[in-house]
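Q: Quick one: this structure, given as structure tokens, is what I'll be asking you about.
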Amino acid sequence: MTNIETFGKITDHQEKAQEIITQIKQDVADVTEAVKAVKPEEKKKVYVEFSPGWTVGKGEFMDELITLAGGTNIASDKESWYEINEENVIASNPDVILYANDVIDENSKTLDQIIKARSGWDQITAVKNDAVIGLDANLLSRPGPRVTQVYGSAGIVLLVLTVLICTGIGSVALPVRDIAGILLHRIPWLGDWIVPDWNTAAEQIIWKVRFPRVLLAVLVGASLAIAGTGFQGVLRNPLADPFTLGVSSGASVGAAFLIFFGLQYALIGIWTLPLVAFLTGVITLWFVLALAREGRKIPTHSLILAGVVMQSFLGAVVSFLSTMSKQTINEIIYWTMGSLSLRGWSYTAILFPYFVLGLIFLWSRARSLNVLALGERQAAHIGVRVDGLKLSVLAVGTLLTAGAVSVSGVIGFVGLVIPHILRLIVGPDYRLLVPLSAIGGAIFMVWADTIARTLLAPTEIPLGVVTAFVGAPFFAYLLHRNKKLRKGMMP
């Protein structure tokens, strides 16, 4: 104000300066009155029941998520796990009640039946407003740093043992000691300390035949598993993965076209097939999401049906291409069933950058995926760019799938089974789930490929057949479980 008054004196426009000052004071007064008239929005009070009589207290993962979402945990001033009676809950009068699904299962009742059986709960605001929500019990806890180190170390040890053991399995049995020595001998500087006391033929078998295939299985399994983790995270759907949504089939159509016309290495060499597979996979994903969308929601049943429709249609396209050419029919059919046979180091070089970039990106989005688990609106309020997150994660997941499909063919259910099993073991924290899914997917794929090439040797079983034997029953179980939980949450 003083500066305006001084400037008015200098320019000999004191009256005009006073008018401006008066107007500014009036505007400030108006804004002040308007702010006083606005009542601050009260934070929603939330009650979480993990098991009968026990709630989540201060410092637990769910307590932190409630705070991030703009709510208040009614037991935030209590110890981490707090025994609470019904009178305390009624007195707190929570606006939202989160109920662990395992409590529902233990009582063999629907969520509505359990709430109605609670004396006096019918007067609680959350019950009156139908704000009682069934919640995955795994969300109520998070592994600590020590647990994270234990799981990570155990996973890496299991992966190394799996690689060594499966590399030694085949028509010519090779001891693990020789395999470890051959692999270590190839490492610069370290190899100088290893005395090569093994058979030369064994080294050729390991380095040129078996190890490239095992390493490719590691990359394919890890890529598909973390792609499935990302899909389930952004779609918040336990049945979402690249195979069930038709993305794998979409990528296979692009690859089948190139094989049919003999264009696998056209334009950009070995990168042609992955690029075309990525483009057709993205187009397929867009169609599936468009078909499944009901208003602003994408229900589970609609998503699965849309995926089945696209898989059927794209399967028909691939079958048509197969029957059109006798020269490529065997290659297309065998490729669509998945296989790592006759895959050397060049295929590993194709997939490796896809996997590394995809893992880094999805791991960097782990915190955002954790917040998104609470809901899109809550995540947006906290500052997460929901649309950008969903689009980028789906794109990266599709790219990982396209890279895997381009070197191995169509392999299903890896992105569905592995994230679910690990979520049951370590919980839903994506900071832990993403890297462990990569390790779990790698272990699963190496053993699946070992079974495929040895069970009926010298005949090799398509890799997609082996994974389907495991994945299809698991998918049916998840579908049944999801249906049961959805019924339990209905009022």
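Each residue, glycine too, has its Cβ placed from N, Cα and C.
Annotations per TrEMBL:
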DOMAIN    1-164  domain 'Fe/B12 periplasmic-binding'
TRANSMEM  150-176  transmembrane segment
TRANSMEM  214-231  transmembrane segment
TRANSMEM  243-263  transmembrane segment
TRANSMEM  270-291  transmembrane segment
TRANSMEM  303-323  transmembrane segment
TRANSMEM  344-364  transmembrane segment
TRANSMEM  393-418  transmembrane segment
TRANSMEM  430-449  transmembrane segment
TRANSMEM  461-480  transmembrane segment
Q: Among 214-231, 243-263, 303-323, 430-449, which stretch has the highest count of C-beta pairs below 8 Å with the transmembrane segment (393-418)?
A: 214-231
Q: Given the cut-off of 8 Å on Cβ pairs that are 6 or more apart in sequence, determine whether the transmembrane segment (430-449) and the transmembrane segment (270-291) share at least 3 such pairs.
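A: Between the transmembrane segment (270-291) and the transmembrane segment (430-449), which are separate recorded stretches, there is no contact, as judged by 3 or more close Cβ pairs.
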Q: Quick test of the contact rule: Cβ under 8 Å, at least six residues beyond the ends. What residues does that give for the transmembrane segment (243-263)?
A: 231, 272-273, 276-285, 288, 303-304, 306-311, 314-315, 317-318, 321-322, 324-325, 328, 331-332, 335-336, 397-398, 401-402, 405-406, 409-416, 471, 475
Q: So if I exclude everything within five residues of the ends of the transmembrane segment (214-231), which remaining residues of that chain have a CB under 8 angstroms from its CBs? That is, six or more out.
A: 159, 163, 166-167, 237, 240-242, 245, 340, 343, 347-348, 351-352, 354-355, 358-359, 362, 365, 369, 393-394, 396-398, 400-401, 403-404, 407-408, 411, 414-416, 418-419, 430, 433-434, 437-446, 448-449
Q: Please average pLDDT over the domain 'Fe/B12 periplasmic-binding' (1-164) for the predicted structure.
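A: Here the predicted model's pLDDT, averaged over the domain 'Fe/B12 periplasmic-binding' (1-164), is 69.
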